[in-house]
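Novice: Pulled from TrEMBL, these are the listed features:
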type	residues	note
TRANSMEM	134-154	transmembrane segment
TRANSMEM	161-179	transmembrane segment
TRANSMEM	217-238	transmembrane segment
TRANSMEM	259-282	transmembrane segment
TRANSMEM	354-381	transmembrane segment
TRANSMEM	402-424	transmembrane segment
TRANSMEM	502-525	transmembrane segment
TRANSMEM	537-564	transmembrane segment
Amino acid sequence: MSISEDKLLSFHTDNAVSFVPAWSQGDPRKVIYPTDSKGQFCGQVGSPLEKKPLLFYFNILKCASPLVLLELQCPTTQICVERCPDKFMTLVKALGNKDDVGNKTTFTDDGGKSINATDLLEASKIFEDYTQSWHWILLGLVIAMLVSLIFVLLLRFLAGVMVWVMIFMVVLVIGYGIFHCYMQYASLKGIAGSDVTIRDLGLLTDFSVYLQIQQTWLAFMIILCIVEVVIILLLIFLRKRLRIAIALIKEASKAIGHVMSSLFYPLLTFALLSLVIAYWAITAVFLSTSNEPVYKVSNTTECMYSTNTCNPETFNSSNITTECPGAECLFAFYGGETLYHKYLILFQFYNLFLFFWCANFVTALGQVTLAGAFASYYWAFKKPDDIPAFPIFNSLGRALRYHTGSLAFGSLILAIVQIIRVILEYLDQKLKGAQNKCAKFLLSCLKCCFWCLEKFIKFLNRNAYIMVAIYGKNFCTSAKDAFFLLMRNIIRVAVLDKVTDFLLFLGKLLIVGIVGICSFFFFTGKIKMVEVAAPSLNYYWVPILTVVIGAYLIAHGFFSVYAMCVDTLFLCFCEDLERNDGSSDKPFFMSPDLHQILSTEKMIPAKTKQSHFVRICANVFENCINFMPNFII
């Protein structure tokens, strides 16, 4: 099923028109500058709050709710103050004891837990650490990019050697982590306070405190030991299949070698995703800042205008003061009473849904572009002579010209599932205080089911886009063909494709481990050569975690090209086996080396009769695919 270009253009036009009220009424300054609950800017020159530049949150713990990311507003009262308070006192205690000036430094939250007021200021130290180390974080991410690029280039020329080096290095890095944790554990033995348990400490903002007790390093050591044992056991059990997976990686390396521009295509995906994120963020900011202060008429006597909306600037000159003596125009709440303001949260959900759709479309465009380029390599009988010139650009042109409807439809299905998951999380946060265990259980089951559904749709979409790139058919037909092809080769999927994914994951793990260890030694000042250059930090784990997460995303971006190449070659290989028999009339398109190593392994034939369970799954899936176009229409 395809979506015509005029329908897509109409959709984007309607989308732009729907957010005109947000762009016209929103004020991004409310996000940049501190603003109280009445919408007044703190510390603004010439305003009554000129000498109150700081913003105080009555309960800053509510700002940690995931709902803040959706609504971009902290659900607690906010006022402008001259300086941040360091004492705490409730209104009830203030009325009961007027002499009490608020000398308490601890309070009890909604869960009955005692919290120190000064601990709430620790969050500012995290921001301070980012300002001190941001340039070193960028340098670490650049190093991660260079390491990933060098690793991928070496994998192109020395695939077999690099895979074994990668396996050995991953085991070695994790082994070093176990050794380091043991040495830290042993060094803390006998030190006062090191035998305190993590449960005794509770939840602290300063994570460095946890590193001063033995139990933390013991936990790290146990986790790393479990990971090490699991990896070693997997390598032992999969030792006979590693040779096949390495052969497939070698073939992928050859394909990438002939399509070297594929290594830099993730930069285009990153740029497009940046535009999508920027559009979503800007629109979300305008939506969240389009609220306005609402004033209501307040009167102690009976008045027909009581609780009506009023304007404080024109209130004194209106007839309300005449008919209702003593009436005042007082601030009621910050929001709005128009139809637009009442359904503002729905606009936020709609904006988030569009973000998911556009982001999935950009990802799908990258997948079908890479799949088309690598498929042109596989189906070239004489390699590299029959490979078309500029395969990436040709594949991108075909995707934009012929397959935008299929990509939009596949992205739409995934976006619907993702927004449903967000709605479920939203309901979970809203119903957190409820005591209905049945509702909680049902909500947890729904969240689990839709998580599984999202994973399945991502897997199916990925293979469907490969079939779209190979045959040029619509999304539903391609998804059905891909599903049946995978079901007919279910053993090969487990033996080849997933083992190869495991090896590529080890590559990501190796890069993250190398960059993470280097950043740990640098930010903790344990490298004597650059000890002076290391920034002075409150919590050194802040830049380390940032670099580690960024390194994984960068490594994932480079290895995603390899993963897409492997998946494309795998589906092409399965198609090759079904369409050809190796004779002179129907020769194989796969390389002789790949054919030789695959033919020597005792693997299930491609056309083996499917099991009863597989046939049932295939029938159910076929009915869903056939019904889907009718449902959309």
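Just so you know, the numbers here start at 1 and follow the chain as drawn.
Placed from the backbone N, Cα and C atoms, the Cβ positions cover glycine too.
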Novice: With pairs closer than 6 in sequence left out, are the transmembrane segment (402-424) and the transmembrane segment (134-154) joined by 3 or more CB pairs under 8 Å?
Specialist: no
Novice: When you look at the transmembrane segment (402-424) alongside the transmembrane segment (537-564), do they share 3+ Cβ pairs under 8 Å, ignoring any pair fewer than 6 residues apart in sequence?
Specialist: no
Novice: Which bits of the chain, at least 6 residues beyond where the transmembrane segment (259-282) starts or stops, bring a Cβ under 8 A of a Cβ in it?
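Specialist: For the transmembrane segment (259-282), the nonlocal Cβ contacts are 28, 149, 152, 351-352, 354-355, 358-359, 362-363, 365-366, 369-370, 373-374, 377, 387, 390-393, 557-558, 560-561, 565.
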